Amino acid sequence: MNSIKVSILVPAFNVEEYIDDCLQSLMHQTLKEIEVIVVDDGSTDKTGKIAEKYAALDKRFHVVHQSHQGVATARNVCLSLAKGKYIGFVDSDDYISENGIEELFLCAETHLADIVLGSILHCFEDGTCQRIGDKSFNQRLYSEPISGKHLFKVLIEVGEYTPMVCGNLYKLAFIRQSQLCFEAIFHEDEFFTPYVLYFANRVICANHDFYYYRQRANSIMNIGTNLRERSGSLYFISAKLTEFAKSNIASEEIKQAFLLHASSLCSRAQHLYEKELYRSSKRCLFIITEHSIANQYGIGTYIRQLTQCFNLVEWDLNVIVLHSVNKRIQWKMEEGVAYYEIPMPDELLYSGLPLYEQLYCKGVFYYLVSRLQLPKEVYCHFNFTSHYYLALLFKEKMHAKIIFTLHFTDWSFDLLGDQDWLKRILANPAGRKEKRLVDAFEREKKFMHECCDSVIAIARHSYDMLKELYDIPESKLAYVPNGLRDEYRKRNADECRRVREKYGFKEKENLLIFAGRLDFVKGVMELIEAFKQVLIEMPDTKLIIAGTGNFTHCLDVAKPCWSHIIFTGFIPREELFELYAIADMGIVPSIHEEFGYVAAEMMMNELPVIVNNTTGLKEIVGDGEYGTVFDFGKDKNIRALKDRIVNVLTCNEKEVYAREGRSRVLKEYSIQDFSEKIVGLYSLYGKSMQN
């Protein structure tokens with residue numbers, strides 16, 4: 001029979017001044033059937049030795065030494081070693097009254113509780129104390145157990161929720177059965193407490209003070225040098241809790257309480273980040289994008305890779321998403337990068353007037369710069385020429401360096417990238433449509449000339465076009481092709497067979513795949529028409545179309561071959577790469593493509609590709625040396641694409657194209673080269689700003 005009634009768990013790190021008081025208070029508890037587990041989390045002072053002294057004096061004390069891994073890990077180690085019926089947490093710089101554990105234990109036994117919640121006295125250095133966790137607003141909480149999820153809702157509603165695990169008692173069997181543990185580098189109790197309350201059926205509150213929570217200036221929560229890390233932890237906890245509540249909580253009232261708390265954690269995370277941002281001496285970079293379908297695909301990938309180029313020790317990185325569909329500003333943090341999604345007010349959004357866009361940009365500008373302490377070294381990386389007014393404000397008022405990456409040009413969608421056609425229109429525009437194209441061209445040119453310190457071309461043909469058509473001087477131009485992170489995993493025949501079975505494909509079926517937006521400029525309608533002709537010659541073939549867009553039109557064009565064409569919608573990269581692994585061929589039939597990221601991604605995954613004979617795509621496959629090229633021509637010759645598909649499926653060169661294509665991408669479009677060129681470009685401007 002287990003004689004240990006309570007395991008007291010004490011994580012400790014560099015608290016030699018205080019741990020003696022803590023362990024003394026535990027040694028003299030009136031409840032004797034206890035064990036005290038101290039995890040020394042890599043202390044560099046005498047903390048571990050002091051704990052060992054108590055272990056030598058009292059066999060109920062046990063000490064574990066480990067390398068410094070943080071308080072969450074230390075608490076989890078304590079949990080794994082506990083043997084008592086109940087557990088209680090005590091921080092190593094705090095102390096408790098001698099009857100505290102016994103009072104909690106008797107309360108737990110009397111009420112058959114999963115959790116007993118105590119209150120805490122915050123003890124300040126001037127000798128004063130303040131009670132935290134007072135639940136006297138509802139005396140019923142002290143007289144009978146209630147479910148933890150209901151208690152959580154009540155405490156959130158009245159503003160008395162406290163996340164601290166210290167000062168409470170938990171039934172160990174309940175903790176282990178619920179598979180609860182601590183996560184996050186900081187604020188690990190903020191992670192643990194909502195879940196432990198959610199799963200607890202019987203929670204009782206103890207109406208007495210026994211836990212003394214020492215408030216000291218040099219504690220981990222008060223030193224002020226870890227605001228960014230604390231912000232990251234709080235956002236991580238908020239995101240996890242939001243996901244949990246939406247996926248698992250049926251009661252709408254309970255769910256809303258959890259979501260409200262998650263939202264408050266996110267707000268605290270943003271506050272801590274902006275407090276650190278305001279006082280930071282690092283260089284500040286705003287990467288400006290906007291909510292759009294393009295941001296889900298190529299531009300979104302580009303921005304994710306751009307954020308990975310910068311050393312966060314030297315840079316504060318902020319991604320600004322304009323024209324968000326949210327009702328209010330949304331903030332999040334991922335891998336140390338802050339993201340702001342800023343909506344446009346409805347009265348401005350639907351007006352379509354340039355003046356309202358200016359007002360919106362002005363509001364965005366002052367919202368962002370109010371978070372900076374001036375003077376500040378500021379950079380902005382734009383990805384759309386439509387953000388002219390915002391770029392101008394940063395340039396004129398903040399003397400920011402403006403870098404712009406040209407991902408596309410507006411006129412190329414209408415003219416399918418035909419520069420000669422554009423030149424004829426520029427020379428003599430006729431009609432409203434051509435005048436609109438001229439206006440769009442002039443706006444792009446104005447943005448690059450008036451706002452930008454550097455313009456990045458992602459392809460050689462783009463570089464030449466910017467120099468010759470837009471008159472951008474070479475001193476302002478930089479050629480930085482998109483880079484791809486090598487995420488390819490080679491699968492053997494058995495693995496590929498299992499993946500085919502997973503998605504319902506037969507082993508001998510020919511599989512073709514298209515990935516991208518379902519948009520006219522992507523050539524997807526023409527691909528479907530060509531595929532229908534392929535089926536006449538090779539009926540055991542299927543076409544996978546992975547992406548979102550105009551499904552109605554695509555389905556109409558696909559009629560009556562629906563059983564041979566699979567529309568997946570937008571899918572995660574892991575699933576997309578699985579489909580690449582089992583496909584026989586990737587097809588990129590875009591009418592115009594500035595770079596052709598999808599083609600490069602397919603080649604990286606050792607998938608032979610067929611591409612249209614357009615500038616960006618032709619450049620990636622080396623004019624047909626590393627992939628198959630077909631030519632739609634001006635009359636969109638469907639037969640040309642159909643013939644290429646049949647030829648590649650029946651030839652013996654697929655494996656050669658697959659190997660050569662992957663080698664091409666690794667050599668010419670590596671993420672390492674991309675990162676080095678981006679860092680090199682920014683370092684040049686850093687030197688000029690310092691001078």
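The backbone N, Cα and C atoms fix where each Cβ goes, and this holds for glycine too.
Taken straight from TrEMBL:
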- LYS642: ATP binding site (BINDING)
- 7-144: domain 'Glycosyltransferase 2-like' (DOMAIN)
- 379-485: domain 'Glycosyltransferase subfamily 4-like N-terminal' (DOMAIN)
- 499-658: domain 'Glycosyl transferase family 1' (DOMAIN)
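Per DSSP, the secondary structure of the domain 'Glycosyltransferase 2-like' (7-144) breaks down as 47 helix, 39 strand, 52 coil. Residue counts for the domain 'Glycosyltransferase subfamily 4-like N-terminal' (379-485) under DSSP (helix as H, G, I; strand as E, B; rest coil) come to 61 helix, 18 strand, 28 coil. Its own atom aside, the Cβ of LYS642 (ATP binding site) has 22 Cβ atoms within 10 angstroms in the protein chains shown.
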